[in-house]
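I have placed the structure first, in the form of structure tokens, so that the comments after it can refer back to it.
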Amino acid sequence: MAEVLRWLRLDLGQSGGLAWERLDWRLALTVLALAGLGLVMVGSASVSIAEGATGDPLHYLYRQAVFLAVALMAAVACLHLSLDQFYRGGPVLLVLGFFLLLVVLIPGVGREVNGATRWIPLGLINLQVAEVARVCFIIYLAGYCVRRHAELPNTSSAFAVPLAVFSLAAVLLLAQPDFGTALVLMATALGLLFLAGASLWRIGVLGLLLAGAAWLLIVGSPYRWQRLTTFTDPWADPFNAGFQLTQSLIAIGRGEWFGVGLGASVQKLFYLPEAHTDFLFAVLAEELGLLGVVVVVALFTYLAWRGMQIGLASLRADRPFGAYLAWGLTISIGLQAFINMAVTMGLLPTKGLTLPLMSYGGSSLIMTGIALALLLRVDYEARLAAQQPRPRKRPSGRVRP
């Protein structure tokens, strides 16, 4: 317990007081632009459903604004924590992630919405445990890659441990069920292990096995099989199985080049289900047109590119933990954004994943804010390390996190 409390303290002295002028403000402004645009679009997309459910058309806008404020405060707090604290706290976070995934499955604890038990009610907010667990698992895996870096390329046991951890996490996610998050988590793990030096043939074999397992899960579930077959031709059943996707495509088509205007969407008027959450991107395309779509895609592309560059800079500065953490978080956020937009446009089957930073939801917004604050912290420490003379390697060969 003493170790946990020591790790959780806000050690401003160790973080160097945080020189704000050294932060990557281009990345920070990109994040704020996405979150700000998301807030506007949530307010627009949720007007009808909010008025019908609560009598206040701006109900979800107010809540999302509060979530955004909490996310900003949590991000600032994380910026003051050194990466070494997260490196040492990786095992604790791993236990926390599994604890949350188990607790939500206990009858009477987890809240069921649309047939899925993914939330724990906490008063004003429903905690989506998968969002917290995913960040915890990525932090743990980044630390594991540092500790076992020399063994990952050639040792099967070093590769098997994270495989077992993430497979168990995927099983718990599928029990909710949350197929989309399980897919993103496993893809992130494979990508990070590859970047950490795991052999390509092991990654390839595991990828094929996971693809086979995913296929069996789809074939064995009538609901998932219907989603797969519907996505190939949603117009074959536009009023039942293909209803959501066809309404999304109609929204995107109505937007044309410059959109119908902010607030003027027709599809959000109870035609398009989940217009303010999973399918917010469709409403954005309808109201802001291709121009708005290009802007959002460009912002996410820059975020993903910059995240990978930060990881590379951290590795060059002899900060491997920061590098793996940056890569893992970037892959996770970038992949989720890509899947959400692809699903909205009918390029992938429906997964139930939100658009990071933009879709309505407190857990997703807060945890994404924390993840991006960690990315900024990686860049901050890499810049500090690059400006300092490198110490001589110790005889023990211990890798600095």
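Backbone N, Cα and C atoms are what each Cβ position is placed from, and that goes for glycine too.
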In Swiss-Prot, Thr54 and Leu353 sharing a membrane side: yes
Annotated stretches the transmembrane segment (89-109) and the transmembrane segment (279-299) touching (3 or more Cβ pairs under 8 Å): no
Non-local residues, at least 6 beyond the ends, that sit with Cβ under 8 Å of the transmembrane segment (181-201): 130, 134, 137-138, 141-142, 145, 149, 152-154, 159, 162-163, 166-167, 169-170, 173-174, 207, 210, 214, 311, 324, 327-328, 331-332, 335-336, 339, 351, 353
Any contact, the transmembrane segment (355-375) to the transmembrane segment (27-47), with at least 3 Cβ pairs under 8 A: yes
Number of helical, extended and coil residues in the topological domain 'Cytoplasmic' (140-154), per DSSP: 8 helix, 0 strand, 7 coil
Rounded mean pLDDT for the residues that make up the topological domain 'Cytoplasmic' (300-322): 95
Chain residues in Cβ proximity to the topological domain 'Periplasmic' (110-118) (below 8 Å; excluding those fewer than six residues from its ends, i.e. six or more beyond): 103-104, 126, 128-130, 176-178, 352
Contact check, the transmembrane segment (27-47) vs the transmembrane segment (119-139), 3+ Cβ pairs under 8 Å, seq sep 6+: no
